[in-house]
Amino acid sequence: MILETHNSNLYFDGCDTIELAKEYGTPLFVMSETAIVDKCQELKKDFLSQYENTRVAYAAKAFLTTALCKILEREGFCIDVVSGGELYTCISAGFPSEKIEFNGNNKSEEEISMAIDYQVGRIIVDNPADYQVIQRIAREKQKKARILFRITPEIKIDTHAHISTGQKDSKFGVPLNDSIFYPLIQAAIESEYIEFLGFHFHLGSQIFDNQPYINATIKTLDLIEEVRKRYNYTIQELNVGGGFGIRYTEGDSPKPYSYFLEPVMKLIYEFFDSRDLKRPSVVIEPGRSFIGESGITLYTIGNIKEIPDVRTYVSVDGGMTDNIRPALYDAVYEGAIANKMNLERHKNVTICGKCCESGDILIKNLCVPNVERGDILTVFNTGAYCFSMSSNYNKNRLPAVVLTKEGKARLIVKRQSYQDLIERELV
Ligand SMILES: Cc1ncc(COP(=O)(O)O)c(C=O)c1O
């Protein structure tokens, strides 16, 4: 049990959250190593040990620190990065470069050079221009880049538009128009500096239905068949992305990985087996579903403002600088007063941040007990896309991160100091 209550205080992974807030200050991200390792076990049980030649490339954009790289390495997972910064973090942590996969719709020449110099395991080519630069830099370095093409599968999903990526009108992926797609494939097959391994798709995020994955797989298998016919070339790898939904609120009903992956694997195996072809490697890239439920945020409550007959605003010492998701795409979170867990909740309030934006609202409606200045608010399931999207807006300092493990906690990211905020400034 990750969440428990003792003496009216919320405990997370065996740690008293009120003590954590006292010791490390707030806002504070608290990540549970116990929950992360449990998730690794779940992925091994549901996917990696079920099918040969499969990999999990954790999508680092959801949350990335050196300490997490060490856990992922120990568990034998791969990492999907999308920037020089994420790549650098992994390499500095000693993470094996061959287990790194590099995505991104606009990789710079510097980033591509880094990826080739470090000899990352895969570069996922996002569009024809991306391909040109990758192949040119590989040629200049006289190296061979191992690539997959990310395709736009033209599949719409039922999620917020800002986290939907697989539709035809998307900035991500190679368009499937014959005149764009096939010349690109042919060039990759013929290039001395490219090892063309296969295809990649990613449909979006916070998805609860397996049908879009099934549809995208069918579409990709059709492309694989057409590439076989045209070039007598069979791909060796298929990456079906991430996007698996998690529970933020009661209304969310997440499904096990097997619900998404069983039908996908069945389709892939049927296709390859029926043609007597070697089955490909299959890779998934979970981000949110891997890390989202392993983290909480702790805040200290400050000013409380009642507007009679309108609403009560309860302010916290963070906000959109440590969780931009409610402002960015109306994400909804649950929370609780961590030092008053046993008190009856009777009042609806709005939790707002301290940033100078009216949109800086963390939770529109939260039912709380009698709430006072100095109480500690916890927001649940903030492990994904909160710390990684944090900003210094209003020159607020980035929060600290602690990692818990069965009652023990250690600091893995220090809180920024005021000096850090001006460190790079020149007069
Ligand atoms: C290419 C790619 N793979 C994986 C992910 C991870 O998605 P999620 O966190 O929803 O699992 C993303 C998210 O944007 C992505 O763009």
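Numbering starts at 1 and runs along the chain as it is shown here.
Any Cβ shown, glycine's included, is placed from N, Cα and C.
According to TrEMBL, the feature domain 'Orn/DAP/Arg decarboxylase 2 N-terminal' maps to 42-291. The N6-(pyridoxal phosphate)lysine annotation in TrEMBL covers K61. Positions annotated as pyridoxal 5'-phosphate binding site by TrEMBL: G243, E285, P286, G287, R288, Y385. According to TrEMBL, the substrate binding site annotation covers R288, R325, Y329, E357, Y385. Per TrEMBL, the feature active site, proton donor maps to C356.
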* Among all the protein chains here, how many other CB atoms are within 10 A of the CB of K61 (N6-(pyridoxal phosphate)lysine)? -> 21
* **Cα proximity to R325 (substrate binding site), best match among recorded positions K61, G243, P286, G287, Y385** => Y385
* Asked: Y329, Y385: which of these binding-site residues has the highest Cβ count within 10 Å of its own Cβ?
  -> Y385
* **Neighbourhood of ligand 1 - recorded positions from G243, P286, G287, R288, C356 with Cβ under 6 Å** => G243, P286, G287, R288
* Structure fact -> Among K61, Y329, C356, E357, i.e. the recorded positions, the one with its Cα nearest that of Y385 (pyridoxal 5'-phosphate binding site) is K61
* By CA distance, which of the recorded positions (K61, E285, P286, G287, Y329) lies nearest to C356 (active site, proton donor)? -> Y329
* **Spatial neighbours of E357 (substrate binding site) that are distant in sequence (at least 6 apart) but have CB under 8 A** => M320, A327
* To do: Using DSSP reduced to three states, classify E357 (substrate binding site) as helix, strand or coil.
  => coil
* Asked: Can you name the residues of this chain that are 6 or more positions from G243 (pyridoxal 5'-phosphate binding site) yet have a C-beta less than 8 Å from its C-beta?
  -> I157, H202, L203, G204, S205, Q206, I207, P286, R288
* To do: Would you work out the biggest C-alpha to C-alpha distance among G243, E285, P286, G287, R288, Y385, the residues that bind pyridoxal 5'-phosphate according to the record, and give it in angstrom as a whole number?
  => 15
* Can you grab the distance from E285 (pyridoxal 5'-phosphate binding site) over to the residue listed as 'N6-(pyridoxal phosphate)lysine'? Cα atoms, rounded to a whole Å. => 11
